[in-house]
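Per Swiss-Prot, the features are as follows:
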BINDING   HIS75, GLY116, HIS117, SER118, GLY148, ALA149, ASN176, TYR283, GLU364  thiamine diphosphate binding site
BINDING   ASP147, ASN176  Mg(2+) binding site
Amino acid sequence: MPASLLDTIESPADLRALPAAELPGLAAEVRAFLIDSVAGTGGHLASNLGAVELTLALHYVFDTPRDRIVWDVGHQSYTHKILTGRRDAMQGLRQRGGIAGFPRRAESEFDAFGTGHSSTSISAALGMAEAFHQLGSDQRAVAVIGDGAMTAGMAFEALNNAGATELPLLVVLNDNDMSISPNVGALNNYLARLMSGRFYAAARRAGDKVLSVAPPIRELAKRAEEHMKGMVTPGTLFEEFGFNYIGPIDGHDLDVLVNTLRNIRHLRGPQFLHVVTRKGKGYTPAETNPCLYHGVARFDPAAGVAEKRAGKPSYTEVFGDWLCDMAASDPRLVGITPAMREGSGLVRFSQEFPERYFDVGIAEQHALTFAAGLACEGVKPVVAIYSTFLQRAYDQLIHDIALQNLPVTLAIDRAGLVGADGPTHAGSFDLSFLRCVPDLVIAAPSDENECRRLLSTAFLHDGPAAVRYPRGCGTGAAIEPGLEPVEIGKGVCRRRGRDVALLAFGSLVAPALTAAERLDATVADMRFVKPLDVDLVGELAAGHRLLVTLEENAVAGGAGAAVAELLAQLGIVVPVLQLGLSDVFIEHGDAAAMLAACGLDAPGIERAVSERLAALPE
């Protein structure tokens, strides 16, 4: 006999068989399961605890998987996974061979669209709604998007497009940054039921039809309706986009959610439902500090997440300390982040230099062009951005920064593999797409101290420059307190050997040094991907039988390709082995294990080099 309601749910069909009165009890069970599950695996907790009731209501009302639900970003999709046959698989969440932390089309028919980056859901759901229209299907498409993701321009581009259609698209705004008083909440819950009801919709259409013969009167009536709704709801903006706005409603009241969604399901045209939720709902530590519990490692639910112990600083912390030190030295410095203050190490800077700190929201394109405008007038911007999110601002980097040779520093965090977050968040491609941009200096530090020095080099350079560094801690190198730069385009030889020269970039210098001890190989810390150290490459090519390039980036178009191109330009013929990330998307898992699986740990490097050496003619 099942011990709980949750044990009876293997699919949304089982959920829809329950009486609505049992949903609150199921929500409590799901919440308890989430806390225990994420405590054992790590993952996103606060956002998932806040979306339990909303997820239950959506699957209860809509005929999934026939109807499509697109989860923006996707880190709030754990309840969705639990309800769609993956409850037992949650024990392997974000681990190698286990289920992903984000929706994946290849993982389940219920995952309508793969996500990981923000603000894509409305565009994708609109495309699905149009496809259903083209195919003559009555299927429905729903986009669930958070308030943070609504800061991105792409979301508004999609709203603008959708509002001009008559497609039955539903956009659900999961607003966990808005407080709602009991009185206003009760009023809005009532109005939501009214505005989503068939009578209201029918009366609205009939009135519009009657007044169509008198456009001035119709416009007056429309404005009067917007004024009345605007007195108690904040939805005028979405009405202007052409949506029927409903809400805000309590996102933890299942009765209100289910009834409102049932009404909306039968409405014509684009609908916008504003739902207010609380991050960390049901787990006091997460409610108190949702930022700390946004993404967590394994923890004891009874004790909560432990603060980080003192130890080796992460590259992110090295950057944050450097930024504050350089800001104290140069009053022209400003720091910019696209909604990643904590993740990019800008907390201390934001506190010590609040007038020089800019969080522009999830708006990477704007962040770079904003930086370009600052640089035009003599300010020195530093943009702290994840490698994977820099992809979204590629045109701005080329057109607005590099083309004008503006002194903007890009501090590129999470370069290379990122472990449990998987391919949507990996920084596998930045060297490949950056090194073809004219006038852009690209550096990759091998340890914490070199990271600090290369950041100073980039900042003091009179042109665009990028420093890319990995997630996590470095080698434990002693960090010098100064702000001295290094010479641009010059590497350093770390070890002298024979036959083989390992040209290592960034994070792979350390495993290269370990492998070199067994191979008796030369190791060069190249430091710069662009410009390359021409003299060093030529010297190493002249004195070794085999050159091996090492990078935590895609081999295609990466640093190794740059070395091969340089050798061709110089007319030097020497065997080159390029080691890096192969031409596949690297799945989620422990970062060190994934690097080893790619053959980029010391044993893997030794093995690959030995095999190539053995194949060379004597």
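Cβ atoms here come from the backbone N, Cα and C positions, even for glycine.
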Same-chain residues at least 6 positions away from HIS75 (thiamine diphosphate binding site) with a Cβ under 8 Å from its Cβ, in sequence order, are HIS44, SER47, ASN48, GLY101, PHE102, GLY295
Just counting, how many other CB atoms are there within 10 A of the CB of GLY148 (thiamine diphosphate binding site)?
-> 19
Here the Cα-Cα span from ASP147 (Mg(2+) binding site) to HIS117 (thiamine diphosphate binding site), rounded to a whole number of angstrom, reaches 14
Could you list the residues of the same chain, at least six apart in sequence, whose Cβ is under 8 A from the Cβ of ASN176 (thiamine diphosphate binding site)?
-> SER47, GLY50, GLY146, ASP147, VAL276, THR277, ARG278, LYS279, PRO290
CB neighbours within 10 A of ASP147 (Mg(2+) binding site), counting all protein chains shown, number 15
Give the three-state DSSP assignment (helix, strand or coil) for HIS117 (thiamine diphosphate binding site).
-> coil
Measure between the Cα atoms of every pair in HIS75, GLY116, HIS117, SER118, GLY148, ALA149, ASN176, TYR283, GLU364, the residues the record assigns to thiamine diphosphate, and report the largest value in Å, rounded to a whole number.
-> 32
HIS117 (thiamine diphosphate binding site) CB neighbourhood, other CB atoms within 10 A | 21
